[in-house]
Amino acid sequence: GLPTCGETCFGGTCNTPGCTCDPWPVCTHN
């Protein structure tokens, strides 16, 4: 879930590889 990927995901998806939209709306490395 952390650290953050420097990307937001209001649409529910992250473009950064290896990152998930959790906690919404912040992309974090899973």
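Quick reminder: no glycine exception, Cβ is built from N, Cα and C everywhere.
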Exercise for the section: Please work out, from what Swiss-Prot records, which of Cys19, Cys21 forms the disulfide with Cys5. Expected result: Cys19
Fill in the blank from the handout: Spacing of the two Cα atoms, Cys14 (disulfide bond) and Cys5 (disulfide bond), in whole angstrom, works out to 9
